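Swiss-Prot lists 545-559, 1074-1083 with the feature compositional bias 'Polar residues'. Taken from Swiss-Prot, the feature compositional bias 'Basic and acidic residues' covers 1107-1122. Feature annotation from Swiss-Prot assigns domain 'Protein kinase' to 542-830; the stated evidence is sequence analysis. Residues or ranges marked as domain 'Guanylate cyclase' in Swiss-Prot: 888-1018. Taken from Swiss-Prot, the feature N-linked glycosylation site covers Asn252, Asn299, Asn344, Asn350, Asn378, Asn434, Asn439. Residues or ranges marked as topological domain 'Extracellular' by Swiss-Prot: 20-486. As annotated by Swiss-Prot, topological domain 'Cytoplasmic' applies to 508-1122. Residues or ranges marked as transmembrane segment in Swiss-Prot (evidence: sequence analysis): 487-507.
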Amino acid sequence: MRLLYFSMVLLWVLGASECQVIPSSRRTLRVGIAAAQDTQSGSIGWASCGGTLPIAVQYLKSKGFLTDFDVEYYMEYTECDRASVAKAGMKFMKEMNVDVVVGPSCGDALAIMGTLSAIYKKLVLGWGFVSDTQLADTNRFPYVASVQPTAQTLGLATSRILEMFQFDRVALLYYKDDQDYCKSVMDDVEATLSDPDLYPVRIVWKGELQSDNEALTRSTLQAVKSRARIVLLCAISGPEKRNYLISIAQQNMTTNEYVHILLTMRSIGYGVQTSLGKKTFANGLTPLWESFTVAPDGNETNARRAAEKMLVIDVNSDVQDAEFLQYLTKNIADAVRNPPMKCNTSECINASSTSMGSYARHLFDVFYLYGMAVSKLNSTDPTVYGNLNLLMPQMVTSFDGMTGRVQIGQNLYRVPTYQLYGLDEKYEQVALVNMTFYNSSSQLSRGYSDEGRSVWHFWDGTRPLDTPICGFSGRYCPVQFWDQYGVLIFVASIVLIFLICIMLMCFGFMIRGRRAEQERLNSEWQIPSIQLIMPQKEKRKPNSRRSLQSGPSTITGESKMTIDGGFHENYTVQMFEKDLVLTTKHHSMQMNKEEKEKFVKLRKLEHDNLNKFIGLSIDGPQFVAVWKMCSRGSLQDIIARGNFSMDGFFMFCIITDIAEGMNFLHKSFLHLHGNLRSATCLVNDSWQVKLTDFGLGALLEEHTPSKKRLLWAAPEVLRGSLTIHQMDPSADVYSFAIIASEILTKREAWDISNRKEGADEILYMVKKGGNRTIRPELILDAEVSPRLTTLVKDCWSEQPEDRPKAEQICKLLSEMTPRGNTNLMDHVFNMLEEYTSTLEVDIEERTKELTLEKKKADILLSRMLPKQVAERLKAGQTVEPEGFDTVTVLFSDVVKFTQLAAKCSPFQVVNLLNDLYSNFDTIIEEHGVYKVESIGDGYLCVSGLPTKNGYAHIKQIVDMSLKFMDYCKSFKVPHLPREKVELRIGINSGPCVAGVVGLSMPRYCLFGDTVNTASRMESNGKPSMIHMSEAAHSLLTDHYPHQYETSSRGEVIIKGKGVMETFWVLGKTDSDTKSLSTRTTPPITDENWPPQMKEDLKKRAVTPYPERQRSGKSKMDTLKVV
């Protein structure tokens, strides 16, 4: 909308001269213009700048200025020629009597026009190259006004910047132009920098550059490289600045050693007035590294990287109306060609619509300044708007123009606000320093806090030096230190090493001492987790012969309560340094130095009513706090059991103990307990209450407390969810009152088991508070003092400030002490005399009986089932069948047992088998084999289940079989000493399934063809021989080669299997002598078998066992065969 408005205004301007009828009451401003057509056309040429005047007039009218004025323009092209300027000045001022003269835009020419203005008392508006300091002299040029600052102020700003960065060695470079503008500026800057009253700066090189002479530029830059690292540059046009960036990039002058400072007074900073660039700054200008042609030249990257090493000192360029500046740039060419300018020269006709002259914005601002002053004076008195004595004070003002913030001083020249510009990471120009100069005084303010990150971030954060460390030629590097002082260093090094060794030794001893002291302090409270062990019960291994017997078991340590129970669930009884201790587990956390120092103090905390903190174990998955054992358990447990009678004095002493412990904690470095409950009040052998779980701080905060634990929490803690570090000691007083109510009523907290409200409802009502607060009901005995109950009620007051202090509680309790009863132990002993001989004895005896019976039951169960299976059954879990890839099964049978049994009585048979199998059971335990069952004279064992052992099962079975054979050789039947007991053993290896069968009298049974084949190996074996299948033989020889001697039996017809090759186990090979450590009778092979034996074998393969074998093995076959 704003651009549309200005477009409509411009169209109105272009047609105003032909269509508008001027009323007689309007006044006309006659403006004489001394313009340049060919001189510096890109900067002050009328074709690129003149269009700003009609646009400025309409902009003034849009702001409410010059509304009663028409403007007439009278043009003279003086080209900055002195004679032409003098002629035009005489014409404008003497003949035409204009109101104001605009221009000329060159310094020398403006001096002539200013001289004429002093004679004819006409106002002259200076713009362009008019920064000479002499033009601001009001004595010589009283009627010259300009929005340009003087070059002297630029020199002062440069001096302050060099002083701020401590740069005292610089080079000055400037581009040559037709009017020698940059040379004049650099002369003023050089003169200012040479002022002895200012910061001393040495100018080591001053050179001229030419935009069309690259050779001169290269040679000049090479000369600068050998003399300076801080370069001050003056350039007029954008192409000159860009060419300089490309040149220093080519000469490798864009390293971190160089700082290039562009000096300008055109309020453009890093910008250029063109609309061809791809990027624009916030003020509407195009960055100077962008290409100024329609087709980019490919040097944008190099130019931009060179711009990183450039700073800019310029007049404040913060244009407030960037949108209008873009509008001015695009429409200035049309405005100069159309009425009222009507410039019809070839330059005007061919003027570019994409850019404007460098000083066009200054022409706009200086005429805007004049228009405002005329309007203000006209508003007061329309007849005196041309009176310079009245007009000039109106021009001493400030406004936001197209060149930034403009402030005009008493000399009608601009009071400059210079800024040091730099580039940020996004290549946006930022103001780093603001400098204001007026009447030789200056004010400087930094716009950054970190110089390295703000000013020198393209220099890796380090301010460059104006002189390299090694000089400009690199010949002045310091002499190598070793070359100069080598011998001295060698001698000094020996002495120094010797001294260092002594110092290191001393330092080492000191460090060692400190470390030892630190380790000693840590060892006081840090307990290795390996030193905390659970109290073990001594057990005897059960055997087959005495499967129902159990030896006595003892529990280490002495306690009034059992180790497995009797304490609150948060406590665990463990052994530490042969003493029973109480432990609590906590989440692990990272402890700081303060926490560790607190635990050192905590361990040293001693009081009769505080439980001793022994230490903390921090090397396990959880932290474990270790406390001294209090054998009678917690106060909560004692109250819950309800088997101890407490009279009034006893309850009073318990409450007093708690109060004394709490008071001591409140006066200590801990200041409070923070977790006070009846569960944290332990009772020792002497019936003395000791507070525990204090001082753990952050460890307790890691836990999420249960609802029941919060029953002791104060209302303010519940409402604010306060941590221990945020709690007040009054919260402990509230918890003390709840514990006291438990003691006085002899019931658990809040009598929760008998209340209709649950824990959640009670906590909600406590947290809610109000006039009718909920508290535990005190149903008391007659012997309880009313003063004590009153104290308890005061302690659980709703407001923390209404609760008494712990010290006051102790004082009040001491005043309530009953006379004549001062020793709790005497009182307790008297009270417990009647229970000592009965109650505890009965409890201990029943406990022992229960433990003994449980042990017997466990032993009996372990005899029937594997330990793992028994544990799962005791836990009520279902035992699923489990498959095993490879196991070894053994069947054994007593040869001619029927005949042997016929010679014995039934009791003798039982004793015979018991003696035989008891020793077999011992052999089984030695080899880690599991005995499945024994039925009659049959024996079934397996290895590899229920615990898998790789391939060791074949070795264990074979070794056990050889032991069986050895034992049978020496076994004697007591009542038949001449009879010899022989075994027939069969072995097979393979997969198997095992599981528990039945609910009543459950048995651990084996299923699978592996079991059946092992049975066939036994039934087809020979007396005193170990018969194994080919699968078992392969497993034995593959995994234990050369350890056992075996022999092939050859192919044998096996019932249900057909022809199988089987093997005999002869014995175990001694690896040193290659002899047999155990050897059975040499086998009979198919080659040396008698014909009668072969026939017998065939009959046995197809004929069932005798009746004794079938009847004796019927139950076992049920378990073996699937």
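Backbone N, Cα and C atoms are what each Cβ position is placed from, and that goes for glycine too.
All protein chains included, Asn344 (N-linked glycosylation site) registers 8 other Cβ atoms within 10 Å of its own Cβ. Each residue contributes its Cα atom, and for Asn299 (N-linked glycosylation site) and Asn344 (N-linked glycosylation site) these two points are 37 Å apart. In this model, the domain 'Guanylate cyclase' (888-1018) carries an average pLDDT of 85. Residue with the densest Cβ environment among the glycosylation sites Asn252, Asn299, Asn350, Asn378, Asn434: Asn378, by other Cβ atoms within 10 Å.
According to DSSP, Asn434 (N-linked glycosylation site) sits within a strand segment. You'll find the Cα of Asn350 (N-linked glycosylation site) roughly 39 Å from the Cα of Asn378 (N-linked glycosylation site). DSSP labels the residues of the domain 'Guanylate cyclase' (888-1018) in these numbers: 57 helix, 41 strand, 33 coil. If you take the Cα of Asn378 (N-linked glycosylation site) and the Cα of Asn344 (N-linked glycosylation site), they are about 34 angstrom apart, rounded to a whole number. Note: the CA-CA distance between Asn434 (N-linked glycosylation site) and Asn252 (N-linked glycosylation site) rounds to 31 Å.
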